[in-house]
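Here is what Swiss-Prot says about this protein:
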- K175: active site, proton acceptor (ACT_SITE)
- H294: active site, proton acceptor (ACT_SITE)
- N123, T173, K177, R295, H327, S379: substrate binding site (BINDING)
- K201, D203, E204: Mg(2+) binding site (BINDING)
- P3: N-acetylproline (MOD_RES)
- K14: N6,N6,N6-trimethyllysine (MOD_RES)
- K201: N6-carboxylysine (MOD_RES)
- K334: site 'Transition state stabilizer' (SITE)
Amino acid sequence: MSPQTETKASVGFKAGVKEYKLTYYTPEYETKDTDILAAFRVTPQPGVPPEEAGAAVAAESSTGTWTAVWTDGLTSLDRYKGRCYHIEPVPGEENQYIAYVAYPLDLFEEGSVTNMFTSIVGNVFGFKALRALRLEDLRVPPAYIKTFQGPPHGIQVERDKLNKYGRPLLGCTIKPKLGLSAKNYGRAVYECLRGGLDFTKDDENVNSQPFMRWRDRFCFCAEALFKAQAETGEIKGHYLNATAGTCEEMIKRAVFARELGVPIVMHDYLTGGFTANTSLAHYCRDNGLLLHIHRAMHAVIDRQKNHGMHFRVLAKGLRMSGGDHIHAGTVVGKLEGERDITLGFVDLLRDDFIEKDRSRGIYFTQDWVSLPGVIPVASGGIHVWHMPALTEIFGDDSVLQFGGGTLGHPWGNAPGAVANRVALEACVKARNEGRDLAAEGNEIIREASKWSPELAAACEVWKEIRFNFEAMDKLDKEKDL
């Protein structure tokens, strides 16, 4: 923004426009332990210096506006303003920079992810001086983390509730996602659960449509999982989607699920909103319900490399808002996810303390100060041949969710579930014996299929299926000349 002649007002106020960098670019600033730190990928318009672009981001996401205002004199800008304290060029990209911004903690309401994102990723993303802007990462200080409840229960409490240890959990999204009657839907749930799955799932699209109202679905699914529990002796769950058009209706559905005695409900946290999600998470903790989170709409926000917000930031926001599971990509399936980047935000979901590691896209060290962890869910285009890779990549604290990879079995839902359970148990056994899942995965599956006709049939159906597309979300590297 070009400087403009300042006009001196009669009370000593200097009106006019001045460059943002004069106030908001402070390379000498030493960050505080209580600051929220943000790493923005900034693409300035031609002719806009990177320092001015970074300062504009700091200003417009904190105390600044396009012109000086006389009310600036009524507060302490030095106390409340955001500061761009460091800028570095992005390797391999022309006119693209990482701008680091520090925000004083007093700018944010305690316990409100909604308020945090309203400030940091608000109007600044439409700022004309920038061609594009992407929030790559946040460092949320312990002082702010401690104002959040976080996940309703967390990983260890969920395992204790389910009495399941030492392996990933298995799930399945019921298909077709739309169009089934409630009774037929419940039948599909029962077949999958009795075949050996731990969970089945409402699709994110399923709320309360004319072909299947929510109350009918809840009742038939509860009947299905209780019947499967009685037959198998294992605790079962179905993610009943409580997402609704109002927060009041959402809570009403969660209350009904609790009255049915089911263990888990579900929410679409981005389309539903962080305020609704946090309210539901609080209800779930108070009433003993696990909370599964779907990330529908995330790719609208995080898919583009130079604009929007990286999923690792959305994942941090979810852990603060509250959820016991969240979909996190597969690395090997049909949906977006490069291995190093995916494992970076998987660790941010599960672990208590994560060191800065730019090789995995982690810009800041993050201390969660004992906030419960979130189980990542691998879902989308996966089948039995992927089981060794998924077990090796995600480890035990994960949910491996096979929708078409269960319901597409040539013999039906229950045999599809059997095939997945046998494949998983074979991979866990092989891993515990010291075998290399990455190198011997196909052999492990073939060996297991000799003793399971259901697995053998699944192996035959999906032996040629591949999703060989290059990931859009990749680490920054110098380009070859």
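Sequential numbering from 1, following the chain as shown.
Positions of Cβ are set from backbone N, Cα and C atoms, glycine also.
Residues N123, T173, K177, R295, H327, S379, recorded as contacting substrate, have a largest CA-CA distance of 37 Å. Looking only at the recorded positions K14, N123, S379, the one with its C-alpha closest to K201 (Mg(2+) binding site) is S379. Counting other CB atoms no more than 10 Å from each candidate's CB, the binding-site residues N123, T173 peak at T173. Comparing K177 (substrate binding site) with H294 (active site, proton acceptor), their Cα atoms are 14 Å apart once rounded. The two recorded residues, H294 (active site, proton acceptor) and N123 (substrate binding site), show a Cα separation of 26 Å. Cα to Cα, K14 (N6,N6,N6-trimethyllysine) and S379 (substrate binding site) are separated by 57 Å.
Each of T173, I174, K177, D202, N205, V206, Y239, N241, M266, H294 belongs to the same chain as K201, D203, E204, is absent from that list, and has a C-beta within 8 angstroms of the C-beta centroid marking the Mg(2+) site.
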